[in-house]
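*Asks:* Submitted below is the structure of interest, expressed as structure tokens.
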Amino acid sequence: KMVDPTLAEMGKNLNEAMKMLEDNQRKVEEENEKKYARKDIPGPLQGSGQDMVSILQLVQNLMHGEEEEETSQSYRLQNVGEQGHMALLGHSLAAYISVLDRERLRKLTTRILSDTTLWLCRLFRYENGSAYYHEDDREGLLKICRLVIHTRYEDYTLEGFNVLYTKQPVIYISSAARTGLGQALCNQLGLPLSCMCRVPCNTMFGSQHQMDVALLDRLIKDDVESGKLPLLLVANAGTPGAGHTDKLGRLKELCEQYKMWLHVEGVNLATLALGYVSSSVLAATKCDSMTLTLGSWLGLPAVPAVTLYRHEDPSLSLAAGLTSSQPVEKLRALPLWLSLQYLGHNGIVERIKHASQLSQRLLENLKNLDFIKTSVEDELSSPVVVFKFFQEYSNRDQTSHAAQASTIQHPIISNEGHIYDTFNQWLGEQLAQLVPASGVDVVELEDEGTCVRFSPLMTASVLGTEIQDIDQLVDCLKMKIPVLTSTLQLREEFEQEVRRTVGLLYIEDLGWPGLGVVRYNYHSDGKNDDKQEKELEKINTELLKKLNELESDLTFSLGPEFGGHKNCVYIGMVMDDLDVSELVETIAATGREIEENSRLLENMTEVVRKGIQEAQLQLQKANEERLLEEGLLRQIPVVGSVLNWFSPFQASPKGRTFNLTAGSLESTESMYVSKAQGTGSTPPLTPTSSLAKQRLPGQKAFKRSLRSSDGFSETSSISHCDDVDKLDQRPPNLCPGQEQGPLEMERAEEQKEVAQAKTDTEDTDSDKSPPAGTKIEEQASQR
């Protein structure tokens with residue numbers, strides 16, 4: 001059909017108008033959405049999201065941090081080997097497997113869990129055991145405690161904590177266990193701290209880090225008699241500090257006697273995978289449960305810890321949380337399942353054996369070092385080496401030290417312990433900084449104090465520690481031992497020198513690893529405390545700056561950032577060639593110089609002000625005297641001018657000058673007479689050290705020269721010979737203090753010529769006649 005052109009045009013215009021109206025409405029709605037959009041959405045979540053590249057770049061920046069950060073953290077990231085990649089792959093596969101259908105997921109997780117449990121029980125000689133995989137290494141022990149509570153208290157499921165109230169449970173933990181372990185268990189179990197009993201270690205017999213079995217027996221008997229229920233004992237196969245193993249055989253017998261559960265944990269359990277296992281560690285296979293931390297032993301990142309246990313009732317295990325009916329939770333074992341297959345038996349044994357070899361290599365080298373004391377349970381198979389710096393006394397020193405200790409009692413012994421702890425803390429930090437691949441750290445032991453610990457089973461696989469790293473560690477230790485011995489020997493001498501020096505105060509800081517701490521005492525002269533404190537801070541800060549400007553090997557600082565003394569100069573480690581007296585005298589002289597300069601600047605304003613006031617008074621008095629001399633008529637304007645014209649009055653100009661050096665007010669009459677300004681007195685010399693000595697080229701400050709005595713004797717002998725020659729050349733009729741005249745000087749020259757001629761004559765052959773010497777003598781007599 002034919003459409004009317006007019007209607008068609010109208011329809012077209014209508015469509016365009018409607019489209020324009022709709023577009024305007026859409027723009028208004030978009031503006032309203034922007035206007036009322038949420039402003040509290042975080043930046044990364046705003047919009048339509050970010051791409052994968054941007055997100056991975058953000059993760060990389062967060063992992064590596066800034067460029068100026070230490071390289072030790074990135075060093076750990078670079079040592080994730082192929083076995084580590086396999087563990088990381090396991091986490092990704094676990095997330096992917098979790099989306100499978102329920103039946104397929106159940107079969108796969110059951111296979112993974114059963115395989116991993118069987119492999120671990122065979123590797124670590126723990127037959128017929130079950131496994132619980134957990135992220136926190138304390139969680140396994142927590143679940144074991146709940147299992148034992150359900151087992152020993154039959155009505156616990158129905159009545160709960162009311163059953164525990166009637167018969168309080170007791171958990172026994174060694175005093176050498178991890179810090180805070182007992183408190184964490186009580187908090188998670190909802191038990192009071194009175195349910196936790198700490199068993200002391202041996203104090204007289206055996207290792208100082210092993211649980212005292214006899215004392216444990218008495219504690220259990222006392223708890224049974226008081227109506228308590230001994231529940232569980234936590235033993236160590238390698239204490240966290242020193243790596244010692246408890247007497248597991250005797251402890252197992254004691255637990256069977258009182259129907260207690262024995263749980264074992266520690267780094268020495270890793271040696272169960274080796275061919276040769278010590279009997280003390282092998283006894284752990286008879287315990288009721290043990291916790292293995294395979295991630296640190298084998299260098300596997302983000303793999304769970306494993307608690308192996310033996311129990312016959314699966315319902316109680318389910319109630320305690322050791323097993324789960326959720327298939328997703330069973331996928332925790334997947335990273336470990338992949339890693340164990342990748343390493344194989346040989347790879348697992350090789351890593352554990354390599355850690356033991358590193359410990360043996362370090363222990364053999366430490367035996368040959370002086371002033372190093374080791375604490376090792378078994379020298380043949382201990383995977384943990386603990387050592388410390390300790391300077392033993394000789395027989396003579398022991399006698400004098402014992403006599404001194406008997407007279408002074410406690411300060412010497414206690415101070416020595418604190419000083420050794422401080423020095424070993426410094427030693428451990430230095431070794432960890434110089435050889436980061438070694439993985440050494442500082443540990444606090446109850447009896448030995450502060451020590452340096454090397455536990456390669458916990459660090460070697462992650463850091464990639466090798467034999468050359470141990471050799472480098474020993475070399476660094478050899479360089480640090482002379483520094484420690486020298487500083488320890490010179491500390492007492494430094495203290496005595498400072499106490500004898502006027503103006504210095506010795507500050508005893510047992511926590512400072514260095515020569516000592518000194519403070520320059522500021523003479524307050526009656527100033528208030530605030531002003532005195534500011535002046536003291538100013539002088540000691542300037543003193544520290546001056547000392548650091550000297551060319552020396554010493555380190556001067558303000559001390560530690562936290563816990564140090566204020567307004568002091570801390571002196572670091574030193575060598576045995578340090579001249580302590582020169583150092584102390586230089587500190588005192590520099591402090592006096594800074595104090596005098598400070599006082600001069602401080603008093604300058606007051607001196608100038610008083611001088612100006614005095615000058616004003618004297619000038620005013622001089623003007624009054626001038627008025628009296630001139631008379632009253634000369635002060636009248638017209639009459640005074642006429643009188644001065646007829647009879648002029650001549651008066652010398654009077655003024656005052658202020659001498660800054662002397663601090664006195666002087667008259668200017670001498671300046672007008674001589675028409676020149678006086679120079680004044682010479683300013684005093686700046687105080688310097690009386691022990692300041694000229695150093696050889698390249699010799700640094702505070703160094704005691706080994707050839708100083710020889711050089712002094714040679715110089716003395718040479719100067720003495722020169723004096724003898726001068727005395728021989730002096731005419732006999734001339735006194736030592738009398739000057740030589742022209743005749744005496746001429747005679748002396750003649751005597752020199754005669755002596756030279758005689759020497760030449762004696763050197764010639766005997767056939768030659770000596771007329772030359774005779775002629776010279778005749779010429780000298782004629783003269």
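The backbone N, Cα and C atoms fix where each Cβ goes, and this holds for glycine too.
Automated prediction, rather than curation, is the source of TrEMBL annotations.
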*Asks:* Quick one: which of 45-72, 353-380, 605-632 does TrEMBL have down as coiled coil?
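*Replies:* The range carrying the coiled coil annotation in TrEMBL is 605-632.
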*Asks:* By DSSP assignment, list the helix, strand and coil residue numbers for the domain 'PDXDC1-like third' (494-599), in that order.
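*Replies:* Its residues fall into 48 helix, 15 strand, 43 coil.
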*Asks:* Over the span of the domain 'PDXDC1/PDXD2 second' (382-488), how high is the average pLDDT in this prediction?
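*Replies:* Averaged over the domain 'PDXDC1/PDXD2 second' (382-488), per-residue pLDDT gives 81.
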